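These notes concern the structure reproduced below.
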Amino acid sequence: MFPLFLILEVICSLIGWLCLYLLFCWAFSKRGPEWNCRLVTFTHGVLIVLLTAYVVFVDGPWPFTHAGTENTELQTLALAVCLGYFFFDLGWCVCYRTEGPVMMAHHAASILGILLALSMGVSGCETCCVIFGSEITNPLLQTRWFLRQLGLYDSLLGDAVDLLFILLFAFVRVGVGTVMFYCELTSSRTSLIMKLGGVVMYGLAWVFMVDIARFGYKKSRAKYRKWKENHKSRASWKNGHTSGPHEISRSWTK
């Protein structure tokens, strides 16, 4: 069962994210609902990455060696803040029907995992670690969407955001995530239900990774074709430019 203070923390978090969304709707009234929701998502991503980074790397304990231990107050606060956001975002997605089944499954699994960690009072350190790894690429994902809306995506900045997103996802969410997944499965303190939750989140990470790899492959091929066409056009222009005076001189002598 949830203690009353935990319920209040989650409710306050939900109200806070909802109020921030309404503030963005008022400030950017000419933009659509998705613009304002993604601003909330971007804000949450930055905030929760900073908070969970402090929990994992500074406050401790180290999740790779202390999986399944009792939650600290700061871990509980981070989980409550994140849970309130996921409730808000899930409600928004259901209302506007903007996400597919994979993303909805990710939201549902995230909510269930955080609920379990809070209700049992354990596994907060590895749950915060998973949240850190899951959310570290989120601000880049939202930045990519905003660049598209502003017409700035097809630029060096857009390419840099995509490259950084792919590298971070592969290294942190899949690479470091694999190590965290192994530590959780082999930990004698971690409960079976949390291990099953880890299997679900790890599987979803690979589903996203496959989609991202396909996107990276298609974009790199498109970039290469575009570079090849530009190279050919520059070469043909250069040849035409250099042969012009000779053609003129030949016609002049006739």
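The backbone N, Cα and C atoms fix where each Cβ goes, glycine too.
TrEMBL has this to say about the protein:
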TRANSMEM  6-27  transmembrane segment
DOMAIN    30-216  domain 'TLC'
TRANSMEM  39-57  transmembrane segment
TRANSMEM  77-96  transmembrane segment
TRANSMEM  108-133  transmembrane segment
TRANSMEM  163-184  transmembrane segment
TRANSMEM  196-217  transmembrane segment
REGION    235-254  region 'Disordered'
Contact call for the transmembrane segment (196-217) against the transmembrane segment (108-133), three or more Cβ pairs under 8 Å: yes
Winner by Cβ pairs under 8 Å against the transmembrane segment (77-96), considering only 6-27, 39-57, 163-184: 6-27
Tertiary contacts of the transmembrane segment (39-57), as residues 6+ beyond its ends and Cβ separation under 8 Å: 17, 20-21, 24, 28, 63, 72, 74-75, 77-78, 81-82, 85, 88-89, 125, 128-129, 131-132, 135-136, 138-139, 142-143
Confidence summary for the domain 'TLC' (30-216), mean pLDDT rounded: 91
